[in-house]
Ligand code: CNA
């Protein structure tokens with residue numbers, strides 16, 4: 001979906017933004033002992049001195065969190081040190097709504113695309129392939145259509161962060177529009193990989209609305225332009241396309257001010273989104289809430305005391321915290337610790353009830369219209385067959 005992921009894979013293989021898979025990094029930390037770490041630190045200092053970029057630890061690493069744990073993050077927020085929080089989200093925040101992510105083994109989209117007979121799983125989101133054969137994308141779009149799902153606890157937690165005056169911006173890789181459905185204002189959202197909200201004709205660039213697109217997707221037809229008959233594509237960013245300009249302009253303004261970064265439900269494998277973690281200032285704490293560690297720094301770079309990416313496990317770390325588990329549980333736990341737990345539970349309950357009610361009303365409005373339409377449709381087919 002994101003243009004640069006493909007480039008990244010071509011140059012750096014299957015690994016994450018930082019060039020090392022989380023599996024490799026977490027395995028090394030599992031078996032690490034304090035003796036190993038001491039030896040590693042000695043080698044790091046030796047190499048750093050020889051290469052001429054040695055700095056004393058105290059100069060290099062100001063202490064940011066008293067405690068690199070969830071409690072350290074909560075304390076940091078409660079002390080009022082966080083006024084420009086940025087959240088970065090991936091497909092993992094929507095899996096509990098029933099939308100599969102890309103890479104989770106078994107349930108991820110990439111493991112379930114056989115029926116589309118694609119040259120490779122990513123082809124379904126490639127602009128070149130889409131121009132030749134748009135049908136598989138629209139079949140999948142019907143299955144995953146926004147509007148058929150309810151936002152999760154995590155989406156409502158992000159809304160609460162905003163209502164509490166902490167959120168500067170929410171950056172999402174998701175195209176499911178669930179942040180909007182959850183009630184987060186549009187100006188607070190950066191949809192880095194675009195959105196289903198609007199669509200454009202690939203040929204004459206005519207714009208179409210969500211309802212126009214929805215009608216065609218659910219009628220199982222490839223949407224074509226009313227003016228020039230070109231294929232119309234939702235404004236989501238395919239591999240081979242540029243990210244929206246709003247992404248770049250917001251990053252420039254937001255990240256230098258970021259004073260807490262929370263990454264939710266992402267493997268941090270897609271560029272340039274993944275590298276945003278390095279745009280936050282050095283003194284900004286970063287919390288990852290995900291089922292697995294992601295975005296970690298290259299081991300060699302850790303050894304040299306250099307490089308970018310998350311650094312959860314080194315003894316010098318005073319800013320990066322990984323909370324491993326489901327986003328909804330992580331967000332509810334954070335809300336509980338901040339004293340907003342009941343407010344979040346109430347918000348989710350009320351909003352889900354409202355969405356269910358609206359869907360019911362919409363369905364009951366449609367039914368009489370459909371039964372009115374049927375004899376007409378039947379008449380048409382009868383006359384054609386005669
Ligand atoms: P990804 O690479 O599939 O990674 C998802 C990450 O979330 C993995 O690390 C999972 O372990 C983790 N995860 C899955 N479920 C949960 C959960 N309930 N709680 C915590 N962690 C969980 O997806 P990314 O977003 O990192 O990759 C970016 C791609 C995916 C973008 O181009 C998106 O447009 C694209 N995508 C979006 C959607 C959507 O809009 N909902 C769905 C599928 C793919």
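Just so you know, glycine gets a Cβ as well, placed from its N, Cα and C.
Note: TrEMBL annotation is automatic and uncurated.
Feature list (source: TrEMBL):
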- 193: active site, proton acceptor (ACT_SITE)
- 91-95, 101-103, 173-176, 290-292, 327: NAD(+) binding site (BINDING)
- 201, 204, 225, 228: Zn(2+) binding site (BINDING)
- 63-341: domain 'Deacetylase sirtuin-type' (DOMAIN)
- 1-36: region 'Disordered' (REGION)
- 352-386: region 'Disordered' (REGION)
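Less than 6 Å separates the Cβ from ligand 1 in the case of 175, 290, drawn from the binding-site residues 93, 175, 204, 225, 290 in sequence order. Checked against residue 173 (NAD(+) binding site) by C-alpha proximity, the recorded positions 193, 204, 225, 228 yield 193 as the nearest.
Listed in chain order, the extra residues whose Cβ falls within 8 Å of the Cβ center of the Zn(2+) site residues 201, 204, 225, 228 are 202, 203, 205, 206, 224, 226, 227, 229, 230, 232. Its Cβ taken as reference, residue 225 (Zn(2+) binding site) is surrounded by 18 other Cβ atoms within 10 Å in the chains shown. Under the DSSP three-state reduction, residue 95 (NAD(+) binding site) is assigned to helix.
Cβ neighbour counts within 10 Å, taken over all protein chains shown, single out 93 as the most crowded of the binding-site residues 91, 93, 228. Ranked by how many other Cβ atoms sit within 10 Å of their Cβ, the binding-site residues 95, 173, 290 place 95 at the bottom. Under the three-state DSSP scheme, residue 173 (NAD(+) binding site) falls in the coil class. Fewest other C-beta atoms within 10 angstroms, among the binding-site residues 175, 201, are seen around 201.
Mapped onto three states, the DSSP output places residue 201 (Zn(2+) binding site) in strand.
The separation of residue 102 (NAD(+) binding site) from residue 204 (Zn(2+) binding site), Cα to Cα, is 31 Å.
DSSP assigns residue 290 (NAD(+) binding site) to a strand segment in the three-state reduction.
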